[in-house]
Amino acid sequence: MKFPVELILLALVPVFLLFVAGELWLLRRGGRIGLYDLRDSLCCAALGLLHQGADKLAWLLVLPLYGWIYQHHRLFQFSDSWLSFFLLFLGQDFLYYWFHRVSHRVRWLWAAHSVHHSSTRMNFTTAFRQSLMYPLAGMWAFWLPLAWVGFPPEQVVAVVLLNLAFQFFVHTQAVPKLGWLEYVFNTPSIHRSHHAKNPRYIDHNYAGVLVVWDRLFGTYAEELDSEPCDYGTVKPVNSFNPLWVSVAEWRDMLAEAWRADNWRDRWLALFGPPEAAEEAASRQRARLQAQRQAA
Ligand SMILES: [Zn+2]
Ligand SMILES: [Zn+2]
């Protein structure tokens, strides 16, 4: 029987757990075990499992669409070769960069992606912290062009998941900067600053596997010793309940869009950059408060 590609990440769980154990051992030895919090890590693990369930379901729904585009509308025919696999990897990593960048700048996608950033910790278990709402946010749409260009849907799924698997390894404070690798790959140092909310770091380093996209498109920020990372989101979620963490930003987003008294603020609440959405929300709060005082 053929291995179902959608299960690649689950199959790698033993490897991930081995690295969690290794990181715990290293941190304990270095007196930095405080970088872990049991409640936080359990919440991350639960979010990872919920995400896997939602993701499996989403692939079931979306694969026929990828298949239809691939069968009837593909632009090229690639032979199975290392070169075509490399092109697929490059194309998917490029699209991942844009998916990730849009996820930080458009509230609709941030509502899902903020889950990944909502921990104030940074360790290997932070990588498990994913949103079960990605299918609703529309993550799958970013990989459609790959099927259209001419890559078989199963290969597309495999590369999407292998990219995520690679990213597990950059969620750690146990690894310092890695010399020349910092110029080519997403590394722990690069991804640490991505998870920081310091003004210097926020909305930078969107890389999946290759950091060349950030360097090319002007979104690279180097982690500095003089500016330690302050992990988490500007608007903290303050909960270890995985279900609440999954829906908190969706609830705020929909409530703010509903309360808005004009279409511009409604649009900003749903599709504006998160800080513009927050400004629109505070305008609406001020309006409601003035109405209450007048009543
Ligand atoms: Zn991010
Ligand atoms: Zn991350």
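The chain as shown is numbered from 1 upward.
Backbone N, Cα and C atoms are what each Cβ position is placed from, and that goes for glycine too.
Whatever TrEMBL says is automated annotation, not expert-curated.
Note that the coordinates shown come from a computational prediction; the quantities given were computed from them, not determined experimentally.
Feature annotation from TrEMBL assigns domain 'Fatty acid hydroxylase' to 85-219. Per-residue pLDDT, averaged over the domain 'Fatty acid hydroxylase' (85-219), rounds to 97.
Listed by sequence, the residues of this chain that lie at least six past the ends of the transmembrane segment (6-27) yet keep a Cβ under 8 A from its Cβ atoms are 33, 35-36, 52, 55-56, 59, 123-125, 127-128, 157-158, 161-162, 164-165, 168-169, 172, 174. Annotated transmembrane segment per TrEMBL: 6-27 (among others), in sequence order.
Marked as transmembrane segment by TrEMBL: 48-69 (among others).
According to TrEMBL, the transmembrane segment annotation covers 81-99 (among others).
Marked as transmembrane segment by TrEMBL: 131-150 (among others). For the transmembrane segment (131-150), same-chain residues at least 6 beyond its ends with a Cβ under 8 Å from one of its own Cβ atoms are 47, 50-51, 53-55, 57-58, 61-62, 65-67, 69-70, 73-78, 88, 91-92, 95-96, 98-99, 103, 108-109, 111-116, 156, 159-160, 246-247, 250.
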